[in-house]
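As given in TrEMBL:
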ACT_SITE  D24  active site, nucleophile
ACT_SITE  D26  active site, proton donor
BINDING   D24, D26, D245  Mg(2+) binding site
BINDING   K220  substrate binding site
Amino acid sequence: MSTKITNKEQVEAFLESYDTFLFDCDGVLWSGTHLLPHVVETIELLRSRGKRLIFVTNNSTKSRKAYTGKFAKFGITVSENEIFGSAYSSAVYLSKVLNFPKDKKVLVVGEKGIEEELESVGINYIGGTDPAYNVEATDASLASLARDESIGAVLCGLDLHLNYYKISKALLQIQDPNCHFLATNIDSTFPSAGRLLPGAGTIVGTLITSSGRTPVALGKPSDEMMNCVKEAYHLDPSKTCMVGDRLNTDMKFGEKGGLGTFMVLTGVDKEETILGTNPLVTPKFYADRLGLLYELLQNN
Ligand SMILES: O=C(O)[C@H](O)[C@H](O)COP(=O)(O)O
């Protein structure tokens, strides 16, 4: 049974239960370029109560460093080490878990965020935002594709400049079973300006369908990401709460990791889904929006 937070006493009890909050970003703090109501005030409230905040996003288009800029534009001061994105999680996995060889390269299907995080851990890559991959698919360009033995992994995330040539190149590589197939995340959609847009999972899906392979996914709700976050921040799961807008990523991630869970209704999943029969996860708490925590405390 999920508790809906609707009054001041519930907010106080909720805040008392946790000392660390993991925040999803899209659909919780903002929707595309639109900041959600009283988010800044709620973050300030939590900081004033001495809470530790970590922003855990599946959006791989920006690196941790670039994310600090996005937060700043919204008037939220966040340091780089408070941000943990799926691009970084993927870079850590390649470097620490796979010990990715120095003489091999990662073929990136994705954006600058992935490139910058791979650079931060010293991993070589090709593809990504390189204009040389903006190639029209013609008989000639597709015939010119050849498997590159120096590529040891394909890492696929949200790619806003996707094209058939790039996908064909990635498929050619993962047809070799020795080439790792990784996905930053597999979200089917993400909220932007009140609508849902196709998520990284739809792009990864083209490679899953064409190759018949399943990637190792490194965003929420993967254990790989949770292990990485737990190790980086020495979390006490019983005092940590995952805040998100989506059952199959954020809430699942929190539940599997043994954390408290708090869902807001400003993103992908709605109240009917939580209250319906057999929801995928039952969040411990939920509320109409994150900013309500601040708003309810203003009432006498
Ligand atoms: O990659 C995507 O599909 C989106 O960027 C992703 O869904 C956003 O993730 P969130 O910030 O909600 O974790």
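Heads up, the Cβ atoms here are built off N, Cα and C, so glycines get one too.
Just so you know, TrEMBL annotations are computer predictions that nobody has curated.
Note on proximity: among D24, D26, D245, the recorded positions of the record, the Cα nearest K220 (substrate binding site) is that of D24. Around D245 (Mg(2+) binding site), the C-beta neighbours below 8 angstroms that are at least 6 residues distant in the chain are D24, D26, G27, V28, P191, M263, V264, L265, T266, G267, V268, D269. Cβ proximity to the Mg(2+) site centre (mean Cβ of D24, D26, D245, cutoff 8 Å) flags the following additional same-chain residues: C25, G27, V28, L29, T57, F190, P191, G244, R246, D250, G267, V268. Considering only the active-site residues D24, D26, the Cβ with the fewest other Cβ atoms within 10 Å is that of D26. Mapped onto three states, the DSSP output places K220 (substrate binding site) in coil. DSSP assigns the residue listed as 'active site, proton donor' to a strand in the three-state reduction.
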